[in-house]
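One structure below.
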Amino acid sequence: MTTHPGLAVRASALVKKFGDHRAVDGIDLEVHRGEVFGVLGPNGAGKTTMLRMLATLLHIDEGRAGIFGHDVRTEPHAVRRLLGVTGQYASVDENLTATENLWLFARLQGLGRTEARTRGAELLEQFDLTEAASKPISAFSGGMRRRLDLAASLLTRPPLIFLDEPTTGLDPRTRGQMWDTIRDLVRTGCTVLLTTQYLDEADQLADRIAVIDRGRKVAEGTADELKSSVGQSTLQLQLADAADLPVVADEARRLVREEAVLTPEARRVNVPLTRTDQAVDVLVALRDRGIAIESVTVQKPSLDEVFLALTGHDTHDTHDTEDPQDGAANRGADLPDPQMEDAR
Amino acid sequence: MSTLTVTDPADVDTDRVGVAETLTQTMTLAWRATMKMRRSMEVMFDVTIQPLVFTGMFAYIFGGAISGDVQSYLPLIIPGLIGQTVLTACVATGVQLRTDMDTGVFDRFKVLPISRLAPLAGPMVADLLRYFIASVLTFAVGIAIGYRPGGGVLGVAGAVLLAMLAGWSLAWIFTLFGIVGRNAQGVQAISLLVMFPLTFLSNAFVPTDTMPEPLQTFAELNPVSLVITALRDLANDGAVTAGVGWALLGCTVIIAVFAPLSVRAFNRRM
């Protein structure tokens, strides 16, 4: 046993092949106890496949992985005792009520009858599901299902939780609630490994982030480190007259020492900013020079931009190497911008 | 959230699943299966409507032709129909397992630290209830149309018990199909392909002595025939005959072959 007991997750050179396609292609990962580690990447990047390997759901083709020092391949049973898994795949029983589901999973994991009942009630209360406790799951909203799913993973208070795209497909309000729930979870001392397609989600929740692309890890660091690698944000301007665009480019070079991106057909210009407040300097300078502006937005970098900066291609390109395991989350693929995604 | 604290990884019991735990888990999953039955009664049609309709139908259609009259056909056909209905109910076991394995909840079973046998054994234990209903209903309809089992209450009770045991044994065949099948339709198709010869190339509806030689040999060795002969001995004569012994042996052989195959195939997919 060479895996480190001080780490919650340690994986080295993990590989998963589906035929010729290397869905996970030599990923190293170290998750410390008590941290929230985010795995960020587009659909088909291999996030879910990696998580399934770590959760004993998929065979590890090459490399090795340990959970709290237990080898995933040789001690799957020990690993399962330490893990709670919630996500796109691990689910609840449609034919049972919320109470019955929690009872089922509690009993399966060795809780006594009384303990199973009280623990179930406790979790329903905590996840705000008490009112829906005896309703059929088919009457549940997406958010309620995710909460029940998470509750079912917490029955034995596992020290490590895997969350596979916990908010994909949820509306903004429900997503916010889910984030709060995850934060509460971390406060109890739980280690969390989560995958997501949204930079803002990783930003909100994760202490450290690994960016995965085409089965490989392309970057790792805190959210701030990742974002500063692409510039903090972008000033987007639409001008009244396309002829003024070169003036904006000049001012950008002078004030923020960045090269502006011009789109003359749309009378648009994007100015990369290292600090958001530089937007004011640019706008004041443009007013002084009498340039008419139709609209102004300051945007944080999107996952697309982080990706472009890190990999040299945007998230859409990865579709060619679609990971069959990530199929369920395809809906989000064409709209990597989190704000747009929220509207769904 | 204050009530929640996390288990220390060092405190987690990492032993394999013991026999007592496996039993609890099997019974818990059997409970889940019965809840499913209660919520969707249509899965019970094959063990309720079918015995009600088939028993009368077969008795009146074939009775005169095969045994001269309906009354003398009943001791032959009633145990035969029980064998046939229980076998049909087994097909559903495999199809339901496949459907279940395709849902997300099965993924959760896989990541739980539970016995790899329990998700298979649980539904099969619950299915004992289906075999019970099927055999009791068939006897009831038979008695209603004039069947008088010579074995009395004890003989009939013995036959019902044997039918349940036989169902549980035969179900392992279809459980294997359920595990290896690509989808529910595929499992259904192959199960029917196996079920029909097992049903009709048996002594369920007719005496085997009119069949041509090779078919007769198959029909006599067919475990379904062995079970039906034993059911007749128990229900009609109240006798624990050598036939009962052969039936039990047949069931044992099926379990010995198909249970390990099923568990192995299942573990490969778990």
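The backbone N, Cα and C atoms fix where each Cβ goes, and this holds for glycine too.
Just so you know, TrEMBL annotations are computer predictions that nobody has curated.
These come from TrEMBL:
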DOMAIN    B:42-269  domain 'ABC transmembrane type-2'
TRANSMEM  B:43-66  transmembrane segment
TRANSMEM  B:72-92  transmembrane segment
TRANSMEM  B:128-147  transmembrane segment
TRANSMEM  B:153-177  transmembrane segment
TRANSMEM  B:189-206  transmembrane segment
TRANSMEM  B:244-266  transmembrane segment
Ranking B:43-66, B:72-92, B:244-266 by Cβ pairs under 8 Å to the transmembrane segment (B:189-206) puts first B:72-92
The transmembrane segment (B:244-266) and the transmembrane segment (B:43-66): do they have three or more Cβ pairs under 8 Å, with pairs 6 or more apart in sequence? no
One stretch in B:72-92, B:128-147, B:244-266 has more Cβ pairs under 8 Å to the transmembrane segment (B:153-177) than the rest, namely B:244-266
Spatial neighbours of the transmembrane segment (B:128-147) not adjacent in sequence (6+ beyond its ends, CB under 8 Å) are 34, 37, 44, 46-48, 50-52, 55-56, 59, 70-71, 74-75, 78, 81-82, 85-86, 89, 92, 156, 159-160, 163-164, 166-168, 235
